[in-house]
């Protein structure tokens, strides 16, 4: 994969006998997605590490500006020990250049808790509430009063707005139903700061964990991975899965860029966000705005400029069920700027103002959403805003490394825009060929030319029809990007025939390109090349993850034998600083995925359906 896409990242963890123990990888698109959306909240999904699945698969995901899950990286684990999770977290940080997210959401394994404390001590940690409620139901399903206890726990978990309220109601349930000796509930209460919504309303969670009863969370690979999906089957359709996800994101980008959704009110705030937000996120706001018809607020306390409102949300029919009537407190302050906060915490969990806060804004005759509550993260042009905000003020002209890093980041932004559609791909391809030819004709000495000079001969149309043939040039001329202002060489030079250049490269070009082709070595290292080539979306001859692994065998216990001459391709041209040395620890694992009793996770935080390793 890395030979075909140098921006592909991977790390392998081997046991004392050189057998594969743990693996992490991330392709170019996933790494770019992390640059955009991985700085606030990351979800570490281990939902496939159960006896139900035959796949030891874990992965890191985030939320894009459409509210869709995006992939940051994928891993395979041989066991559920804290050491394996810690290795994986370090691999993820190495892939993302050491940048930690502000918050991480995981499942409630003791081994994961230990690994997060070790590797990510400064990161706000939250346990996935959806998984917790499922595990609680599984733990209590044999209890005689199961339904009553389940409903009571859901009410106290989702309905408690303040910490004292949660703690008092939880203790009351435990006492009434004699659950003081239940180890699962006792452990959950001990870790309540990590999962109960009442304790988590001071942090932004990007809508990545549920906060209300009835919500659910889906896995990134849902619909593609099933209980009997094997490792080989997963790899064989990995490219197809990613292409399907990228296509949905591209379609959402296109829809938000070219269409403004209909509004249902005459309020300016609705028109304001219809133009600013992506369509999916605008609809979440629109749902809250429509729900203000069920809310009635009035001020109950004034303390200087701080006004406390009581907003009553009446009962109404939703999904065939009556909702519960409830009263919320909303705190409003108007000085130099408007500040508003509701105790329901909806804005912290989703980044969208709740119906209660919107009701207060309407009462105060404020019909424009304050700028602090219009999050850039949900804007349709978020990627453009992010690129501008993170662009250096001055281009580094110092050492080779600084120039390389700067060009690398600029090319990354270009390629992120270029491969989302066939038309953009062809236009980007042409621009890069023009840049390459300009550099080759600039008279630079061969020793000064970097390996970032890309060759696109393999992607050229068949029958020797280069990118500069009349048919291709005519098709690009009619594309939207053809109207952009031309940069670089004069027009008359660009329009000269280049068929000979495409079909018969000169000797100097052949020398340069051949000099960057290296043989694989047996170095057992994971590597991150600092050379960029975008994912080959929609290109014929796609990448086969099983290519080059002829001796990979599968057993019922995830056993695999690997010929080391094929397992980890490495590049001689990479410097030592680009490697993360694989740590080989003498755990003495065999050639199977081991679930040893000594490494068994604490059963207090696990359900009977979890793997026993």
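Any Cβ shown, glycine's included, is placed from N, Cα and C.
Looking at 432-466, 467-501, 502-536, the range annotated in TrEMBL as region 'Disordered' turns out to be 467-501. The list of residues near the domain 'SWIM-type' (328-365) in space but at least 6 beyond its ends in sequence, with Cβ under 8 angstroms from a Cβ of it, reads 161-162, 197, 200-207, 209, 211, 267, 269, 281, 284-285, 288-289, 291-292, 294-298, 305-313, 371-373, 375, 377-378. The average per-residue pLDDT of the prediction over the domain 'SWIM-type' (328-365) is 93, rounded to a whole number.
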